[in-house]
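**Q** My questions all concern the structure below.
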Amino acid sequence: MAKILEKRLIRYPDVFYYRINAPLISRKAKPGQFVIIRLHERGERIPLSLADINSEEGTISLIVMAVGKTTTEMSTFNVGDEILDICGPLGQPTHIQKYGRVILVGGGFGVAPLYPIAMSLKEMGNEIVVIMGARSKDLLIYENEMRAVCDKVLITTDDGSKGIKGVVTTALKQELEQSSANIVMAVGPAVMMKYVSETTRPFGIKTVVSLNSIMIDGTGMCGGCRVSVGGKTRFACTDGPDFDGHQVDWDILINRQKTYINEERGSFEAWKKRHVFAICE
Amino acid sequence: MTENNSKETILTRTPIPEQDPAKRRSNFDEVALGYTPEMAMKEAARCLQCKRPLCIDGCPIHIPIPQFIKAIKEGNFEKAIGLIKTASFLPAVCGRVCPQEDQCEKNCTLGKKAEPVAIGYLERFAADYAMQNRNGADVKIPKPTGKKIAIVGSGPAGLTCAYELARLGHKITIFEALHDAGGVLVYGIPEFRLPKRIVAHEINLLNEIGVEIVTNAVVGKLITIDEIMEEFNACFIGTGAGLPKFMGIEGENLNGVYSANEFLTRANLMKAYAFPEYDTPIKIGKRVAVIGGGNVAMDAVRTALRLGAREAMIIYRRSANEMPARKEEIHHAFEEGVQFELLTSPVRIIGEDGWVKSVECVRMELGEPDKSGRRSPIAVKGSEFKIPVDVVIIAIGTGANPILPQSTRKLALNKCGYIIVDEETGQTSREGIFAGGDIVTGSATVILAMGAGKKAAKAIHEYLMHI
Ligand SMILES: Cc1cc2nc3c(=O)[nH]c(=O)nc-3n(C[C@H](O)[C@H](O)[C@H](O)COP(=O)(O)OP(=O)(O)OC[C@H]3O[C@@H](n4cnc5c(N)ncnc54)[C@H](O)[C@@H]3O)c2cc1C
Ligand SMILES: Cc1cc2nc3c(=O)[nH]c(=O)nc-3n(C[C@H](O)[C@H](O)[C@H](O)COP(=O)(O)OP(=O)(O)OC[C@H]3O[C@@H](n4cnc5c(N)ncnc54)[C@H](O)[C@@H]3O)c2cc1C
Ligand code: SF4
Ligand code: SF4
Ligand code: FES
Ligand SMILES: [Mg+2]
């Protein structure tokens, strides 16, 4: 059981910030790792990345985008409510060292897990450029947090409502052409990470991506999260989630993410019929 | 029983009532329904009460078999369970899933001339009877010794070790990675063979005798063995062999291809059979192929049928005789309409739009016996053919999970990643750290894991009382 200590709506109507009481996890967790939660007895197990770790207060933070049944149901959980199961920290931490100039690329909720990574990179003395993309300026998250730690913030919007008009790879390409980088790290939807990897490939810049395959146990027991990297089968939950983006077979990942699309839609619709829910902070 | 019919009675065992195959293939209720007290007493009367009971030698944990059977024969079921519990902590589980035909019943003297005594069914009867007619723990706990022992993994090895040590007055904490305790008993073996309420009952008993179970605790991630050793006097590792193996053939990452562990975990632990009432989805195939011939394969194929597959088949590269699954399970699968493609091996899985469409196989012939004494299969050239399926489940075995060994200093492992221990004590290369069950032997059986947990408990007790 883990109690929700703080909840904020950080982007209307579907992205929420939670600070959760998890002293043991916070003691061990490192940027790039994740937890698996189960909301209640009938719930499924879903992975969520750590968006902040505070070992002194014994808390972790999660940023959750409501996309389907479980994440939407979680959005109805409020301060004081308890999440039945929380397991972690899982996965390998992102490798942090002095690289020099680092470009971080975040899309969707992916900007959130990049935040603790950016902080650790900063502590190691790296120069950090962050590229954050969204369809429109209202959909951006974590801009202020990122501005506080990064040396340069580039924003892209599909509709041009803020920053560069276009997608993250537009800005990434420009940035790499103007001044290079020692490493690129990307977190976001698989398609975005795929195109980020394609963009950096001709520049020969190492690109680390955080793979979000479907998971259950998160301990290497089921193999459901398997991905193909460099022609080898790897388990994203234990070997990853970080992998070399240039080696990933993206088509397999993107295809496998769709395995339960029909079932997921059905269960979400059924849930919405049975629940009236209001969004509150 | 009169003398007249005793001859016949003694030759054939009392059958156990079972759910009708046609009905049970579409529900998850238990297949075998269990003896009534009359049936149990009748079966118990078949036991010869041998002076030298070889059956006991066949039981890895040496249950006093003739004694408990005598008590059943006399209608003293309380006494029977009391006798069993002196040796076993999970009789309701073992009575159901032990490969009795290779153990206690294989050795039964009666078995030389007739059918052996149904020791497993009787054990199950006594355990179920006790469960229905009594509640609460009947274990007396001595004064606390003040020693704290950590147990990693809550499968049969860890649970047994915990039970034995708690009975000696030690303070036990179990760390379990998943959200429910029980190991394979809850995530692997399906409801229709081992109802989860039975496992829950036994685990509850541990809670009653003061064992603390911490779930969602992945040792090696949340806490390391080294940290555990700072806080506890000793530790037992029973993390099982839960790493699924894949074949490395083309198409293995298509949608619709599962490891047996994933398929069974979704169905059992996560109750995907009750989707969408429970949130975890599972692909219900119309035609399902399960690759492998062990207990795990039988569980997967029978689960697929129950989820609603129209056809489900086993693809196995050797012949029926070599199948490692229990005969009873193969028989049950057959009765339920599972098809068997024997002497057949998959070559690749063929997909369309990212989904499984068929599995291409090749026929096999049996060649010379290999090291294990089994005749090894050889592919027949040009015999390739395709079986149309939409779900493929791979049940070709598991390996050692690396999370714990990788995070633990100086823990000696063999080349496959299993922990090396002293055969007699379960002692690992590190002082105060013991291990047992599948993480030492590789995939084996519930009873062997329990035996290892028990042995280690004894050694841990001796170790703690002498330091
Ligand atoms: C390592 C990792 C870290 C993640 N971190 C975050 C995060 O910080 N914030 C966030 O909002 N989301 C995160 N996700 C994604 C999140 O797990 C899914 O959005 C969530 O499971 C969707 O559940 P649902 O029932 O609401 O939606 P559904 O409608 O059931 O699913 C929507 C889509 O999410 C994916 N998904 C579904 N079930 C799972 C599952 N068990 N495991 C992984 N993906 C699944 C599928 O591609 C699916 O099509 C992460 C995923 C991974 C693998
Ligand atoms: C589908 C299936 C059917 C089977 N059928 C039979 C049968 O009919 N009869 C029979 O005798 N045997 C059967 N077996 C084999 C039997 O279940 C196993 O041999 C037995 O469960 C092994 O027990 P164990 O305690 O060593 O490990 P497990 O039962 O595997 O339990 C290990 C536990 O440790 C936990 N764990 C792992 N790593 C960590 C970690 N780092 N930190 C914390 N916890 C951890 C796991 O989550 C798990 O709960 C079957 C196995 C399967 C998979
Ligand atoms: S525990 Fe298993 S081997 Fe021992 S008597 Fe019972 S069924 Fe037979
Ligand atoms: S060997 Fe068979 S007949 Fe003899 S005591 Fe054991 S169960 Fe009874
Ligand atoms: S989620 Fe099961 S092995 Fe990774
Ligand atoms: Mg879902």
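From the backbone N, Cα and C atoms, a Cβ is placed for every residue, glycine too.
What TrEMBL says about a protein is an automatic prediction, not a curated fact.
Source: prediction; values computed, not measured.
For reference, TrEMBL lists these features for the protein:
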BINDING   A:Cys222, A:Cys225, A:Cys237  [2Fe-2S] cluster binding site
DOMAIN    A:1-96  domain 'FAD-binding FR-type'
**Q** Pop the mean pLDDT for the domain 'FAD-binding FR-type' (A:1-96) in here, whole number is fine.
**A** 95
**Q** At a 10 Å cut-off from the C-beta of A:Cys237 ([2Fe-2S] cluster binding site), count the other C-beta atoms across all protein chains.
**A** 28
**Q** In the domain 'FAD-binding FR-type' (A:1-96), how many residues does DSSP call helix, how many strand, and how many coil?
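**A** For that range the per-state counts are 12 helix, 44 strand, 40 coil.
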**Q** Per DSSP, to which secondary structure element type does A:Cys222 ([2Fe-2S] cluster binding site) belong, with helix, strand and coil as the options?
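**A** Once the DSSP labels are grouped into three classes, A:Cys222 ([2Fe-2S] cluster binding site) ends up as coil.
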